Amino acid sequence: MLLPIPDVLTPAQLSQLRERLDAADWADGRITAGHQSAQAKDNAQLPEDSPIAREASALVLDALSRSSTFFSAALPRRIYPPLFNRYSGGQSFGYHVDNAVRYDRSRGGADPVRTDVSATLFLSDPESYDGGELVIEDTYGTQSVKLPAGHLVIYPGTSLHKVMPVTRGTRVASFFWIQSMLRNDAQRRLLFELDVSIRRLTQDTPGHPSLIQLTGVYHNLLRQWADV
């Protein structure tokens with residue numbers, strides 16, 4: 001399921017985040033890439049262990065915790081701490097597939113995170129740069145994504161994807177991965193659509209007895225499928 005989620009960051013959060021990132025020291029993004037990705041990757045990345053990266057990551061995680069749409073669509077069990085990248089001067093990231101497992105070392109260990117869902121949070125206004133589209137090979141064809149600052153897109157971690165060259169301006173984004181309670185994308189899509197329908201029915205016909213039944217179906221399916 002490829003899903004744009006608008007306004008994950010408030011204007012105040014976005015301004016605070018950009019202020020921190022604009023003052024940061026960036027490194028060559030290939031340092032953190034795997035063998036396959038390093039051959040396709042040309043960007044700058046904020047070192048994961050820098051104080052600014054940790055502060056910015058915490059801000060993004062706090063914003064995600066307040067997004068009911070994100071929770072409903074991703075059903076997160078674990079979230080890899082958000083990372084940050086920057087593209088300018090023709091930089092790009094060729095077609096690649098994300099590693100199936102990432103190791104979260106933010107708490108001193110090496111906790112595995114299965115990358116069921118990939119996510120990109122756009123931090124630059126689309127009018128401020130040319131190119132930089134996130135191109136995703138989806139089951140429904142090729143999708144090109146370039147969202148307003150503060151908007152998020154999530155998509156299956158199995159997807160082949162790339163970032164087009166940025167030919168003017170600078171594209172800054174956060175990217176991260178989610179280990180979902182449901183590793184199967186079709187099951188996540190089904191439960192998301194069911195949850196959206198329940199929410200709409202609750203608004204249109206509050207108190208309808210069928211809502212209790214539908215809510216029960218949702219939770220029973222989640223109980224059957226969830227890996228917790």
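Even glycines carry a Cβ here, placed using N, Cα and C.
Over in Swiss-Prot, the protein carries these features:
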type    : residues             : note
DOMAIN  : 78-180               : domain 'Fe2OG dioxygenase'
BINDING : HIS96, ASP98, HIS161 : Fe cation binding site
BINDING : ARG171               : 2-oxoglutarate binding site
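Straight-line distance linking the Cα atoms of ASP98 (Fe cation binding site) and ARG171 (2-oxoglutarate binding site), rounded to a whole number, equals 20 Å. The two recorded residues, the residue listed as '2-oxoglutarate binding site' and HIS161 (Fe cation binding site), show a Cα separation of 17 Å.
With DSSP states grouped into helix (H, G, I), strand (E, B) and coil, the domain 'Fe2OG dioxygenase' (78-180) comes out at 3 helix, 62 strand, 38 coil. Neighbour counts were taken at the CB atom with a 10 A radius for the binding-site residues HIS96, HIS161, ARG171; the maximum falls on ARG171.
Summarising the environment of ASP98 (Fe cation binding site), the number of other Cβ atoms within 10 Å of its Cβ, over all protein chains shown, is 18.
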